[in-house]
């Protein structure tokens, strides 16, 4: 099994490289790529950690050597948010970066499972899909927006608020990966009794948690460490699925189009990537209303990505 990280010299990428070196199964090959010349050094650095994961680093304009033979590709390349920016402000720069990298994926490892971390995910996943489609290699079972950080934050905040064991707290999060499109299904959390006045503030805190980190870092970065852990968890789940284990994760994929062309919901992962898209289950009145309210925003985000490729 080979996992490639594109954008491995960045804030998320370096932390992700470390976590994957520690957490991937023994015998996995880990390829680290970034345009920055420091990248082979990042690979040497993590290669000194004693685990049976083999690491190689690549830098320069062309990611092809890192992509050759890859089963899983994680894309975290791009610019990060700064105070006053929202994820959509990143679009102008990151859209072109994702397009360029996916064009290489389409040529070099078209059957790989691709996890998009680069924001704005609602839009960059649509860009990736259209590039793969133009190349004639699009398989919707193999393209994912990594929304796992919304799940991690939900688990953390719910466990804190309700005094639950965080390792046993599970919160499905549906929709997209920015602002109002992030919808934690708090009504489905086991062992949590909710007062009406708790739901809305907690939902808003989860939706705005990325901004909380950006502001707290005072211009010094965005959520890199928690995002890296979220991406590492998703990568481990993908690798388990590809190896024949049954794993369920919430992730942003192209499904039946009931709510939007791309939508984050629980997905059973397997040997072909998406094995089955699971139902979102019963919603509270608050959640149903929030879902209906977010859809125009989510659909517009997706359309922006489609138009970026198709004009």
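Using the three backbone atoms N, Cα and C, a Cβ is placed for every residue, glycine included.
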Among 54, 94, 208, the candidate listed by Swiss-Prot alongside 7, 8, 9, 10, 11, 12, 13, 34, 117, 118, 119, 227 for NAD(+) is 94
By a 10 Å Cβ neighbour count, the lowest-scoring of the recorded positions 81, 153, 177 is 81
Rounding to whole Å, the Cα atoms of residue 227 (NAD(+) binding site) and residue 153 (substrate binding site) are apart by 10
Within 10 angstroms of the C-beta of residue 13 (NAD(+) binding site), the count of other C-beta atoms across all shown chains comes to 27
So residue 11 (NAD(+) binding site), by the Cβ count within 10 Å over all chains shown, scores 19
Between the C-alpha atoms of residue 118 (NAD(+) binding site) and residue 153 (substrate binding site), the distance in angstrom, to the nearest integer, is 18
